Amino acid sequence: MIRTRQLALLWVLAVGLLLGHNAWLWAVKRIVPDTDIMALLPVQERDPVLQASFNHMVDAAQQRVVVLIGAAEWEDAKRAADAYGAALAARKDMLDVTPVNEQTQSDWLSLFQRHRLALLTAQQELQLREQPSQFWLEAALARLYAPFGGPKLGSWQEDPFGLFADWVQERARETPVRPRDGHLFVADARRQYVLLPLTLKVPALSMTAQETVLPLLKQAADAARKAAPQAEVIQAGVILHAANASAQASGEVSTIGIGSLLGIILLMWLAFHSFKPISLILLSIGIGCLGALSVCWLLFGRIHLMTLVFGASLIGVAQDYGIYFLCNRLAADEQLDSPALLKRLLPGLGLTLLAAVIGYTGLALTPFPGLRQMAVFSALGLVFAWLTVVCWFPALIGGRSLQSGGLVRIYGAALRRWPQPRLTRVTLVVAAGFVLVAGYGIARLGANDDIRLLQNPPRHLIDDQLKLSKLLDAPTPVQYFLVRGASAEQVLQREELLKARLDQFVTARRITGYQAISNWAPSERTQAAHRALVEEKLLADGGPLHAIAAQIGEDAAWIAATRAGLLAAAAPLPLDAFLQSPASEPWRHLWLGGSNGVYASIVALRGLSNAAAPEVSLAAEKLEGVQWVDKVAEISSVLGRYRQDMSWVVLGAYAVVFALLFHRYRGRTWRVLAPTALASVVTLALFGYAGQNLQLFHVLALMLLLGVGVDYGIFMQEHPDRRDHTPWLAVGMSAANTILSFGLLGLSSTPALRAFGLTMLMGTALVWLFVPCFGSIKESAHD
């Protein structure tokens with residue numbers, strides 16, 4: 001007894017250290033779990049520039065909220081938009097509305113006017129090379145005498161051939177949005193819309209920010225509809241999806257989570273007539289999670305969110321240790337003290353821990369850092385939980401602490417009536433039929449690792465996002481071209497080579513356009529070529545400029561003045577000057593800059609469909625420094641590789657656990673594993689018949705199922721006498737708790753959690769159903 005007390009006190013000290021370390025991590029160091037899914041990839045497969053480009057695009061989009069307010073009449077749309085903006089004006093600390101005024105537009109144009117001779121569209125460059133002087137003479141005279149010759153961006157003499165005006169119009173076509181009456185305007189066939197670009201001043205993924213911003217946006221939308229009852233309000237942004245996911249998760253926690261907890265408490269009360277057992281089991285699991293987090297942080301210096309989520313789930317297997325001890329304590333003689341009982345149970349308890357740890361250790365053999373971290377976290381969590389049971393339960397649970405009710409006796413008596421198949425002709429026929437039916441079901445099973453299946457946003461958010469994207473012709477932030485080079489100039493030159501290929505896809509209507517920094521600030525080589533081309537084709541002696549002067553009766557002085565004025569705006573536009581100007585603000589996110597001798601930029605695509613993406617991606621073929629990026633496909637590929645590796649780990653874990661258990665159970669070892677293996681096969685077959693595709697979360701659940709199923713098999717083989725109901729009660733209690741803890745996730749509206757929960761629900765129920773069938777035919781005990 002003294003040794004038991006000393007062991008318990010020693011574990012109190014260890015747990016105290018764990019609590020202190022966790023308090024320091026969260027309260028002082030303020031750790032934030034890593035959410036970067038690419039951090040789960042092998043280090044050698046990670047591309048820092050590629051990852052930086054994705055973060056750049058995501059960060060640019062994450063802090064934006066785009067609002068469209070539309071009505072059939074422009075005046076109604078303006079009135080509603082003004083009311084929307086007024087409702088937000090009081091909270092500029094949360095949201096900032098981008099202003100639109102004539103000064104902004106003037107500042108935007110002035111930069112390019114100073115370099116206008118070096119700026120040409122691809123069409124203008126082609127015309128300068130192919131069209132005769134007469135074409136340019138007629139074009140200049142048409143601009144001079146036409147009453148409406150397009151936008152006036154200076155005097156006719158400053159741009160007689162309309163090169164700069166046409167270049168500005170070409171740039172304006174990169175977006176359908178236009179300034180109008182101090183607002184940004186866009187329209188479709190039915191409505192005219194005011195565009196309100198909002199910038200979040202708080203983190204979009206912060207739940208506190210979401211709780212403040214979402215009501216504010218709703219209040220603004222209500223104000224807009226009150227000002228113009230027929231107005232349509234379209235809102236889109238990351239914060240809306242994040243807030244919906246948070247609300248959905250909170251709702252499910254309050255329903256599924258609370259329902260699960262109440263069910264477990266009721267079950268424990270019916271079994272033990274006390275709340276003390278459930279408290280102790282939760283305590284062991286909690287200490288397991290805290291211990292795993294502490295040691296993992298010391299080992300890795302960081303913790304991934306997926307490790308916390310799935311690692312904590314896998315540690316849930318630890319409930320079996322406490323339940324096994326409690327059920328045996330309930331059935332044992334009151335005169336037998338708990339330390340002596342524990343000594344009797346240690347071989348079985350030790351095997352259950354060792355089998356689970358070895359199974360999870362298989363994850364550490366994969367090349368994925370994420371799976372390795374999950375393996376360490378889960379294995380450590382099980383060890384800490386097991387130690388809590390071994391060190392504290394004997395000291396806290398005495399011989400008279402637990403009492404069983406009538407329900408326990410009724411349940412225990414059911415074991416005697418459970419079938420126990422023997423090797424007969426009928427059994428072989430049934431087994432053959434099972435193999436055929438299950439095999440056909442599994443053959444129907446497909447796989448789909450598309451990350452888009454992991455989320456389930458409400459229809460109205462999807463509809464608003466699609467409508468906004470169509471109206472604004474906005475590029476997707478997850479599919480683009482990444483362009484790299486040894487210098488900024490080389491990046492711009494490579495962009496220009498890529499754009500020449502993309503123009504073919506624009507012509508073929510595979511995309512509606514593209515956005516690139518070189519559209520606004522071409523490479524120095526291109527700008528020099530533009531300047532030389534204009535001088536040669538338009539300003540040379542005897543060229544179109546001289547023909548214009550002769551046509552309108554001007555002399556050599558006019559020619560010289562006009563030529564000098566044009567050449568004064570011939571200096572190349574430096575990239576840095578563009579990036580530092582207000583004109584670059586909408587496109588600045590496309591430039592990644594330089595790091596470690598590598599410069600990079602992004603070419604974003606407008607109007608790209610999923611069907612056209614494979615064809616458009618070919619534009620990067622054999623272009624040095626140009627790479628097609630499809631983050632949806634890439635992350636889906638990561639999940640697919642995780643699923644495949646995890647599948648092999650699960651199969652390998654069966655083999656390792658069999659070898660481990662063989663030393664103790666010899667010819668009966670297969671009886672320990674068979675219920676779990678059969679349950680896994682039937683579960684997969686049922687998914688196949690139901691038309692479900694396999695994904696990572698099904699396989700993770702099968703890994704957890706192996707952990708709990710082996711425990712059930714060990715419990716039954718440790719007590720082979722069917723007259724002993726103790727292991728059957730432990731199996732039933734553990735299975736019910738597992739179903740309530742994990743199986744109820746099958747009710748979740750989140751597809752990933754639903755897949756995990758359904759697998760655990762069916763698998764655990766089937767293991768419970770099968771495990772009595774594989775008890776030993778001969779009643780015997782271990783030496």
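Even glycines carry a Cβ here, placed using N, Cα and C.
Automated prediction, rather than curation, is the source of TrEMBL annotations.
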Stretch carrying transmembrane segment according to TrEMBL (options 20-41, 306-327): 306-327
Annotated transmembrane segment segment (source TrEMBL; candidates 223-243, 559-579, 727-747): 727-747
Remote residues contacting the transmembrane segment (279-300) - C-beta distance under 8 A, at least 6 residues beyond either end: 15, 18-19, 21-22, 25, 31, 307-308, 311-312, 315-316, 318-319, 321-323, 326, 373, 376-378, 380-386, 388-389, 392-393, 396-397, 737
Two-stretch contact, the transmembrane segment (646-665) and the transmembrane segment (672-690), at least three Cβ pairs under 8 Å: yes
Predicted model, mean pLDDT over the domain 'Membrane transport protein MMPL' (209-421): 83
Candidate ranges 374-397, 727-747, 753-777 - greatest C-beta contact count to the transmembrane segment (696-715) (under 8 angstroms): 753-777
Distant-in-sequence neighbours of the transmembrane segment (727-747), which means Cβ under 8 A and at least six residues beyond its ends: 252, 256, 259-260, 263-264, 267-268, 271, 281, 313, 316, 319-320, 323-324, 326-328, 330-331, 408, 411-412, 414-415, 701, 704, 708, 711-712, 715-716, 718-719, 753-754, 756-758, 760-761, 764-765, 767-768, 771-772
Residue numbers, six or more beyond the limits of the transmembrane segment (253-272), whose CB comes under 8 Å of its CB atoms: 278, 326, 330, 402-405, 407-408, 729, 733, 736-737, 740-741, 744-745, 747-748
Intrachain neighbours beyond the transmembrane segment (753-777), with Cβ under 8 angstroms and 6 or more residues off its ends: 252, 313, 415, 418-422, 668, 671-672, 674-676, 678-680, 682-683, 686-687, 692, 695, 697-698, 700-702, 704-705, 708-709, 712-713, 716-717, 720, 722, 728, 731-732, 735, 738-739, 742-747
